[in-house]
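The phosphate binding site feature in Swiss-Prot is assigned to SER10, ARG50, HIS51, THR181. If you look up Swiss-Prot, you'll see CYS130-CYS195, CYS246-CYS248 marked as disulfide bond. The annotation site 'Important for substrate specificity' is assigned in Swiss-Prot to SER163, ALA215. Taken from Swiss-Prot, the feature substrate binding site covers MET180, ASP204, TYR205, ASP206, and the record attributes it to sequence analysis.
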Amino acid sequence: MPKIGIIGGSGVYGIFEPKETVKVHTPYGRPSAPVEIGEIEGVEVAFIPRHGKYHEFPPHEVPYRANIWALHELGVERVIAVNAVGSLKEEYKPGDIVIIDQFIDFTKKREYTFYNGPRVAHISMADPFCPELRRIFIETAKELNLPVHEKGTYICIEGPRFSTRAESRMFRQFADVIGMTLVPEVNLARELGMCYVNISTVTDYDVWAEKPVDAQEVLRVMKENEEKVQKLLKRAIPKIPEERKCGCADVLKTMFV
């Protein structure tokens, strides 16, 4: 079974021809969609469309626990998450790729943990993303001459609404990009000892910029971002070593009370 899982949206559709589709039943309900299993450049991978096959789940209703649990149950050890984000900084331009290294959680009512009792866990999130996967994707993006930022702080809001201008200006003080789907996905992967890397693609500037958003321009950028992400995945995934040496699973040794 695959040891690499991808969670993403339309930008990842069609990257491989599924060899198998697996319906996984979890203690947390059904995942967003059946898990598709196929190969990318000879490497077996599993894929879950985060928002569902027909984009039926808004960000605050995505079954995050079921998605992560399903991948873990299939034997996945590494999760590659792809998100579209808005930019909070001038230098993070539409069309850029950001390999996120930190996040701020501004969500409000999601299921954040697998441990709601009777067992209690406190997971360290000081460095929430896998250093080994981050290095591979940064190096590969540079090899491909893609516009990549090696670091970025992602602020995750509840959604599905977008920010007010006042909120956007406040968020600019703390973060570089803004989105709605990183949390609790990253927390949950860490609780199961899985490696997790986030590839964020910038579609536009958030409303702080006070520039009119051109819908056609956003669609054009999104299409270009899809091509960049697929190119990046196809080049980077074969470089991921079979054995994990990152220490991501070590957090399990100290998380339980």
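Going from the start of the chain as shown, residues are counted 1 onward.
Just so it is clear, glycine is given a Cβ too, placed from its N, Cα and C backbone atoms.
Structure coloured by features recorded in Swiss-Prot.
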| residue | record | Cβ contacts under 8 Å, 6 or more apart |
| --- | --- | --- |
| ARG50 | phosphate binding site | ILE7, GLY8, GLY9, SER32, PHE57, VAL62, ASN67, THR181, GLU185 |
| HIS51 | phosphate binding site | GLY9, SER32, PHE57, PRO58, PRO59, VAL62 |
| CYS130 | disulfide bond | ARG78, CYS195, TYR196, VAL197, CYS246, CYS248 |
| MET180 | substrate binding site | PRO59, HIS60, CYS156, ILE157, GLU158, GLY159, PRO160 |
| TYR205 | substrate binding site | GLY86, SER87, GLU90, PRO94, LYS211 |
| ASP206 | substrate binding site | GLY86, SER87, LEU88, PHE162, SER163, SER168, PHE171, ILE178 |
Among SER163, THR181, the one of these recorded positions whose Cβ has the fewest neighbouring Cβ atoms within 10 Å: SER163
Other C-beta atoms that fall within 10 angstroms of the C-beta of ASP204 (substrate binding site): 21
Sparsest Cβ surroundings (other CB atoms within 10 Å) among the disulfide-bonded residues CYS195, CYS246: CYS246
Packing count at CYS248 (disulfide bond) (other Cβ atoms within 10 Å of its Cβ): 23
In three-state DSSP terms, the structure that SER163 (site 'Important for substrate specificity') belongs to: coil
Max pairwise CA distance, angstrom, over record-listed substrate binders MET180, ASP204, TYR205, ASP206: 15
